[in-house]
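Residues annotated as transmembrane segment in TrEMBL: A:25-44, A:50-67, A:94-113, A:148-168, A:180-201, A:235-256, A:297-318, A:330-349, A:361-379, A:399-417. If you look up TrEMBL, you'll see A:443-471, A:474-503 marked as domain '4Fe-4S ferredoxin-type'.
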Amino acid sequence: MSNKLNHSMSLAKPDALDISNKQKVALSAGVIGLFILALALFNTNFPNKALFLTLSLGLIIGGIVVYSREAYLSKLEGIKNDGVWFKSISSRGVWGWIVGVILTTFYIVLYFFPKYLGLGVDGAENTGLISLFDPLSHLLSGRNASQWFVYGTLYTVAILAFGYKFILKYRHNRYQQLRTVSVMFFQLGFAFLIPEFMYVMNNDLPYYDLKSIWPLNYYIFDEWSVNGFLSNGNIGIALLIFGILSIFVFTPILTYKYGKRWYCSWVCGCGGLAETAGDSFRQLSSKKMSAWKLERWLIHTVLVFSIVMTAAMVYSYLGYDKNDFWLTRGVFISLVIGFLTIVFAAVMLFKRHELGKDAKYGAIGFFIVIALLLIMHYTGTTDHLFYIKAGALRSAYGIYIGSIFSGVIGTGFYPILGNRSWCRFGCPMAAILGFQQRMFSKFRITTNGGQCISCGNCSNSCEMGIDVRHYAQKGENIVRSSCVGCGICSAVCPRGVLKLENDTMKGRINPTEILLGNDVDLMDLVNQK
Amino acid sequence: MEHIVIIGNGISGVTLARHIRKLSDKKITIVSAEADYFFSRTALMYVYMGHMKFEHTQPYENWFWKKNRIELKKGYVKQVETETKTLHFAEGDTLQYDKLIIATGSKPNKFGWPGQDLNGVMGMYHKQDLETLEAHAPNNDVCKRAVIVGGGLIGIELAEMLNSRSIPVTFLVREDSFWNGVLPQGESEMINRHIKNHHIDLRLSTNLKAINSDENGNVKSVIIEETGEELECNVVGLTAGVTPNIDFIKDSGIEIGRGVKVNRFLETNIPDVYAIGDCAEQHEAIGNRRPIEAVWYTGRMMGEVLAQTICGNKMEYKPGHWFNSAKFLDIEYQTYGWVFGKNGRPDYEQHFHWKHEDDTKCITVAYDKNTNQFLGINTFGIRMRHEVFDKWLTEKRDMDYVMNHLSEANFEPEFYSRFENEILQAYTNQLQTA
């Protein structure tokens with residue numbers, strides 16, 4: 001094991017943290033399940049695919065279930081973080097790197113070389129791994145499996161099995177349990193089953209995971225997608241309207257009331273995987289100030305990119321003539337610019353003082369977007385925008401953001417960068433929700449007076465890399481764009497200092513220098529300044 | 001430019017340094033022999049348990065100190081010369097100061113037990129103690145059993161640490177119930193049961209007689225005073241309280257008692273020399289507080305106050321309502337105001353005690369039996385709001401008000417079961433039967 005990366009003071013690997021025999025058996029079962037998938041990948045032609053698929057997934061799920069029960073139910077309820085920085089897999093040790101490389105490779109093949117997984121091209125039969133999943137796909141929707149079906153199934157299995165593990169780990173914590181049941185429900189129902197059933201009912205409808213909201217769902221307003229909706233009568237129109245309402249109406253209301261957690265750690269599929277399968281890696285996210293700086297540049301750049309890209313996509317298939325359809329290119333660009341300007345003006349008017357020097361960066365970002373939209377409008381032709389083919393922009397976004405960032409780096413690097421690197425550095429939806437959470441929401445993590453002892457458990461377990469302690473030890477509430485409200489900081493706090501709650505906006509952000517418990521005159525003198 | 005030298009980079013000294021920097025441009029140097037950078041002492045246990053790495057216990061990144069022009073000097077002060085305002089280091093060099101602050105914290109108590117300096121006997125206070133523990137108790141092969149002597153907060157933390165590596169622990173507690181000098185009986189007994197539930201061998205009313213050595217000077221066993229029983233073990237943790245860590249100023253002319261004697265302004269008898277935190281001893285105790293307050297929070301508060309004095313706004317140390325917290329294995333404990341256990345309980349103090357049937361949650365509310373005024377609350381396994389109790393204590397609320405408004409003080413995570421009704425019911429029943 002790499003000593004270089006293990007900065008723990010442990011001189012020897014504590015043997016006492018070895019797993020029990022029952023856990024070893026469970027682990028072996030899981031490995032056999034994975035091995036069946038590997039055999040399929042290398043084109044073993046199983047005689048009864050349905051049986052072997054069931055066996056494989058059954059062994060994986062059963063292995064995780066038995067392992068977790070042994071790990072947590074044999075002990076009293078409480079925080080179960082013993083040895084996370086000793087174990088190779090959760091401390092960037094050899095196992096961490098091996099798992100990281102395997103996951104990353106899987107994502108690269110999945111996104112860019114699905115034929116290696118056995119995808120039958122041009123009507124050919126599936127082979128390999130994908131063909132193993134054909135029976136399940138036939139059962140659900142009557143069609144052959146695709147690489148996305150395989151991925152969706154494994155993804156769902158991971159959220160369900162590791163979700164169960166997480167529920168046991170936090171069996172004393174009702175917030176954690178409800179939240180986990182919620183992500184398990186949304187993954188199984190909304191992301192996995194409902195789209196399959198929708199296909200059975202109407203196979204012209206585009207795949208639509210109802211909980212996947214633009215701009216996370218970056219293709220929902222693409223021409224093929226919108227056409228798909230429009231050509232399907234009322235149900236299609238209803239779905240399209242639902243998609244638009246989701247981002248412009250439902251999201252702001254829910255985020256105002258509950259913070260972005262209603263989505264990021266209760267509903268979202270990316271969040272769901274991070275919170276369940278990724279839970280063992282949460283401590284790996286960097287808490288350095290430099291990482292926070294990088295985060296703010298990166299995520300807002302992606303946001304700008306995704307707004308401009310979506311506007312360009314919609315723009316590219318709109319006409320010039322308002323006799324054909326009221327929404328022409330001119331009207332559309334005016335609507336977008338008008339909307340952004342209203343948001344920008346409202347923030348500058350009401351929240352200018354909270355932003356400090358960040359207001360300047362916000363203004364720069366805003367004017368860049370407006371300038372890009374105007375340039376697009378005045379230089380664009382029928383099929384070229386920004387002097388390149390409109391589709392090229394969209395596929396660049398799809399490859400670099402949709403695939404490489406969210407999948408390959410976001411999930412593949414779980415054991416290296418922590419479980420939320422996509423959510424933290426790349427997700428444009430998180431950027432929008434986070435912006436609102438910081439500016440206009442009742443949500444905060446309340447700090448309990450002067451009770452913090454600066455131990456650092458909160459910061460250590462923050463998957464979004466927030467230095468929670470920095471606020472808590474000043475008696476200050478935590479109001480940060482990136483907080484997904486997972487509540488683990490509150491759970492691991494040994495002194496009961498942190499509480500996630502929705503309360504009034506007033507006094508939500510409360511910087512203090514002198515903490516509660518000291519001389520009241522001193523508190524008045526210093527804190528009132 | 002005035003040079004402020006602070007000996008000790010714990011919470012008191014560092015809080016002081018940060019506040020002086022906010023208020024002034026003075027030159028600041030923090031001296032420590034223990035660690036290069038400030039770390040949270042209370043978090044050392046989590047390093048051994050593998051929840052965190054040592055670097056995670058450091059609340060500020062390493063660039064913080066340079067950015068804020070706080071100089072860090074690693075060295076052991078062996079002598080303070082107050083006439084020439086000079087510090088002499090064990091390493092041979094010296095340092096001049098204009099104002100000196102002693103913030104050297106505590107060290108573990110040793111009561112002269114035979115064998116108390118053997119290899120494998122340790123306290124759990126300094127970073128070096130953690131390193132010693134790691135060497136002597138890396139796992140349950142090397143350390144077959146550990147014996148902990150002293151039933152206080154550090155003792156139970158050490159027990160939890162060793163337990164996390166499946167090292168069998170025998171826990172010797174002098175009192176007939178865990179920490180019952182401080183905790184009321186109901187709470188103390190609940191913690192006794194909780195300790196045993198964790199398979200820790202808790203021995204109440206039991207004292208250490210001697211520690212035996214093997215041929216290499218390592219711990220071999222301990223002898224129990226009451227029974228004469230010999231317990232084989234490889235590690236002995238001495239956690240029977242702490243004493244101010246001030247041996248180095250004994251010949252400096254700075255007045256000392258158990259700690260460095262200070263007045264309400266945290267000044268010592270020597271001009272320009274101050275003491276804060278665990279090592280400071282008030283000439284006269286403030287209210288119900290002890291003259292030496294070895295608590296994280298009070299160290300921080302003294303740092304906050306003294307910064308004002310040093311920067312020209314002379315201010316008394318006048319702490320507000322008492323509060324504290326701890327965690328006993330899986331049970332969190334918070335206290336606001338005064339609730340006394342066996343020791344020092346005033347006659348007028350009466351208790352209302354409620355315990356949940358699962359035996360992991362309870363509260364004790366103290367009130368004045370003559371005036372019915374609310375005096376304080378201990379809460380176990382239920383988080384409560386500091387701000388609310390601080391306010392009620394200031395407003396001198398009575399017991400009925402507190403019991404009827406307890407839900408306002410709830411600080412539990414969302415969706416947790418609430419017990420205010422049950423508690424109020426128990427309170428009302430008690431009044432009727434009383």
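Placed from the backbone N, Cα and C atoms, the Cβ positions cover glycine too.
Predicted automatically and left uncurated, TrEMBL annotations should be read as such.
With a cut-off of 8 Å between Cβ atoms, the residues of this chain six or more beyond the transmembrane segment (A:50-67) that come close are 19, 22-23, 25-34, 36-37, 40, 132-133, 135-136, 153, 157, 160-162, 164-165. Secondary structure counts, DSSP: the domain '4Fe-4S ferredoxin-type' (A:474-503) has 5 helix, 6 strand, 19 coil.
Secondary structure by DSSP for the domain '4Fe-4S ferredoxin-type' (A:443-471): 9 helix, 5 strand, 15 coil. Listed as Cβ neighbours of the transmembrane segment (A:361-379) (distance under 8 Å, sequence separation of 6 or more from its ends, same chain) are residues 300, 304, 307-308, 311-312, 315, 329-330, 333, 336-337, 340-341, 344, 347-348, 355, 385-387. For the transmembrane segment (A:297-318), same-chain residues at least 6 beyond its ends with a Cβ under 8 Å from one of its own Cβ atoms are 214-215, 218, 221-223, 226, 325, 327-329, 332-333, 336, 340, 361, 365, 368-369, 372-373, 376-377, 380, 383, 385-386, 390-391, 393-394, 397, 401, 405, 424-428, 430-432, 434. Taking Cβ pairs closer than 8 Å, the transmembrane segment (A:330-349) reaches residues 307, 311, 314-315, 318, 320, 322, 355, 359, 362-363, 366, 369-370, 373-374, 376-377, 439 in its own chain, all 6 or more past its ends. Remote same-chain partners of the transmembrane segment (A:25-44), defined as residues 6 or more beyond its termini with a Cβ less than 8 Å from a stretch Cβ, comprise 19, 52, 55-60, 62-67, 70, 117-118, 127-129, 131-132.
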